[in-house]
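Engineer: Before I ask anything, let me first share the structure, which is written out below as structure tokens.
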């Protein structure tokens with residue numbers, strides 16, 4: 001009976017399987033991340049601090065990669081997917097499936113955390129869900145710039161953070177250089193996100209990912225926060241969408257210019273890199 005049930009549900013299309021993998025990986029990432037933010041904000045500092053959020057997203061990234069990595073490559077980031085398409089590593093026809101999967105996973109995670117913490121949200125806000133002010137809660141789900149951050153400063157923060165994200169990912173997976181040991185890539189990527197949060201999270205919340213920021217923002221617009229989620233911060237919403245894409249492309253370019261173009265596995269002389277030249281007579 002179980003075998004028949006499994007056979008009936010097995011999906012043959014690789015594209016659909018990749019969509020589902022991206023959706024589940026993104027869901028796992030975002031549930032860990034958003035719930036950690038909710039606990040810190042709604043707990044009024046008694047149930048964690050900023051480090052809790054950094055750890056939550058780091059753990060979420062690690063587990064999300066383990067969930068989807070063997071099927072879709074675990075992009076879990078629209079900027080990374082877009083970059084892979086530009087580089088020719090992913091067919092453009094698969095771009096919609098990856099983006100839909102990431103959107104569904106992120107949106108569903110936001111809805112899950114909203115339901116999980118609804119009572120706490122209502123108690124904290126007295127039923128008045130706001131984007132700004134002393135009891136603002138929209139930042140639980142999406143990123144917003146700190147009051148002191150200029151628009152250009154916020155854009156530069158997201159751009160730079162995404163450059164560091166891509167550089168870290170490329171270094172971890174660079175088998176021609178000093179890549180990570182097999183099986184440790186997911187953990188190291190989670191630590192990478194943790195490190196970025198620790199060092200670059202204050203200004204804008206280190207979105208670095210359109211799929212992390214836009215779907216929960218859409219959810220909050222529907223769930224009671226209204227269109228303020230798009231107008232707040234001088235229409236900040238488009239920055240976590242565009243800056244990560246540009247930062248991702250810049251990160252790849254920097255890695256290629258400084259490392260990849262010059263680090264070929266076989267030297268011009270025909271000797272394998274790292275092997276001494278043996279002269280014979």
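Every residue, even glycine, has its Cβ placed from backbone N, Cα and C.
TrEMBL entries are annotated by machine, without manual review.
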Engineer: Between the candidate ranges 215-234, 235-254, where does TrEMBL place the transmembrane segment annotation?
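Structural biologist: My reading of TrEMBL: the transmembrane segment range is 235-254.
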Engineer: Can you work out whether the transmembrane segment (53-76) touches the transmembrane segment (184-206), with the criterion being 3+ CB pairs under 8 Å where the paired residues are 6 or more apart along the chain?
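Structural biologist: Yes, the transmembrane segment (53-76) and the transmembrane segment (184-206) are in contact.
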Engineer: When you scan the chain for residues with a C-beta under 8 Å from the transmembrane segment (148-172), skipping those not six or more beyond its ends, what do you find?
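Structural biologist: Counting only partners 6 or more residues beyond its ends, the transmembrane segment (148-172) has Cβ contacts under 8 Å with 79-80, 83, 178-180, 185, 188-189, 192-193, 195-196, 200, 203-204, 206-209, 233-234, 236, 239-240, 243-244, 246-248, 250-252, 254-255, 260.
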Engineer: So if I exclude everything within five residues of the ends of the transmembrane segment (97-118), which remaining residues of that chain have a CB under 8 angstroms from its CBs? That is, six or more out.
Structural biologist: 15-16, 18-31, 34-35, 38-39, 42, 72, 75-78, 81, 90, 140-141, 211-212, 214-216, 218-220, 223
